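As written in Swiss-Prot, here are the features:
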type     : residues      : note
SIGNAL   : 1-17          : signal peptide
DOMAIN   : 19-90         : domain 'Inhibitor I9'
DOMAIN   : 115-447       : domain 'Peptidase S8'
ACT_SITE : ASP148        : active site, charge relay system
ACT_SITE : HIS180        : active site, charge relay system
DISULFID : CYS329-CYS360 : disulfide bond
ACT_SITE : SER386        : active site, charge relay system
Amino acid sequence: MILAIISLSVVICREVSDYIVMFDQDPSMDRASMKVLYNMNIHEAQNILRPDESIGIKMTNGFVARMSESTAERMKRHPSVKMVVKDSPVGISGLKFDVPGSDDRSGIVMQRHAPWGLARVGGSVSLVHGNYCYPINSGKGVDVYVLDTGVEIEHPEFGGRARWGANFVPKSPDRDEHGHGTHCAGVIGGKNFGVTKESSIIAVKVLDKYGSGMTSRLLQGVDFVIKEHEKKKDELYNAAADEYLSSGGSSDIEIEMDGSESFSFVQPETPSIQRLVDAISRKALQPKTVVNLSVGGFRNAALNFAIEYASRLGIHFSTAAGNEHEDACDFSPGSSRAAITTGASTYRDTVAFFSNFGKCVNVFAPGVDILSSWIGGTQKIVSGTSMAAPHTSGAIAAYLTYYDYDPHMLKSRIIGDARLIEDVSEDDYDGTTIWPLPSLFNANKKKLPILSMERLLRRVRNKMR
């Protein structure tokens, strides 16, 4: 009797998922050194991966890879890795409801019969057929990136100021199939519905036609903005150097630029170099870049870290608090400390019933029954913190039209300029008084910080006199 021994190949199936890996890189490093470090980190990360695991999306300071939980744990222990986070779903923060003025020598423009949200941000007392006052040239020279479902860039509201930036949704057309992104863009920079009237709108598609997506796509969108921001920074430096040379400056001075706002020269400081520095100082060397994130999902450390990283490069972020009627600190990007997080307020200056709250919310802005642009060249009324955040994005662009604030400074300025309105609602929506703040005069009464550009308007008037 022959005993046949059969050797069986046992295949162990390990569950793999998409993980976001962020490197512990300093954004102030010069680009050459950062590139070397990044390539080295990628090489070492690939050595950690198993043969059936792979890196998919690469970003400025990290990547997305399909790997097992055990590999992710090993990756976390690498000294160059800041964090490893499982990719997670995100979606729009909007709730659907189907239902210009004249120049002044003061530098202020009035739009009559403006949408109530604009009137409120401009400080108008009458919100019914109210007037919206805003600085002349508001938004000029500012690029606002709308990371969303896309933007209908041909919509009449944008008057040629909108362009397509990038599309990170696989197998989807380069257009807004939903309407949410177009609505947000209209609140930011529409000629009738916008807080600013001259800002440039750049569409970055990270959500599909259903308003859904993944955190990894958002990170790709942020990475795209970083690359465009750094490219514009180089262009500004080159323009400043050209201005110096055209004014008779020495052409034998070699400038070494590392992507930051500092220079190193190949020869000691001389009067000619000082003239170059003076020429450069007359330029706004930091591009004026704003990102609107009217999206949300559960708190994600990788997304918050990416926003902080980009903010350190000079990019301003406005995020929606979310519509769960819960603590905004439990969601991203609303929990980001580097962004300005906006909750939704009503025309009665109360917190909208759906808005998230808590200490992570910096200001409240109009978010109920907001009229703005929609796909198909139409307009629509929509509610949500998705509509509140674009009011803040527009305000950021308005401030940047006149002042060169870095993100931290401007966040403090906008919070400081907010109007503190007594909350008359009976809904104890957070139950902790973490936010809104108790009144200094009556601890039983709460104050809502409502987004307002009144103080900016006063500064512009004084500046124009």
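Glycine is treated like the rest: Cβ placed from N, Cα and C.
Secondary structure of the domain 'Inhibitor I9' (19-90) per DSSP (helix as H, G, I; strand as E, B; remaining residues coil): 26 helix, 26 strand, 20 coil. HIS180 (active site, charge relay system) is 7 Å away from ASP148 (active site, charge relay system) when you measure Cα to Cα. Considering other CB atoms within 10 Å as the measure, the emptiest surroundings among the disulfide-bonded residues CYS329, CYS360 are those of CYS329. All protein chains shown were included, and the count of other CB atoms within 10 Å of the CB of SER386 (active site, charge relay system) stands at 33. Counted within 10 Å of its Cβ, the other Cβ atoms near HIS180 (active site, charge relay system) come to 31, all protein chains included. Classification of CYS360 (disulfide bond) by DSSP places it in coil, neither helical nor stranded. Classification of CYS329 (disulfide bond) by DSSP places it within a helix. The Cβ neighbour count for ASP148 (active site, charge relay system), using a 10 Å radius over every protein chain in view, is 31.
Classification of HIS180 (active site, charge relay system) by DSSP places it within a helix. Of the candidate recorded positions, HIS180, CYS329, CYS360, the one lying closest to SER386 (active site, charge relay system) when CA atoms are compared is HIS180. If you measure from the Cα atom of CYS329 (disulfide bond) to that of HIS180 (active site, charge relay system), you get 24 Å.
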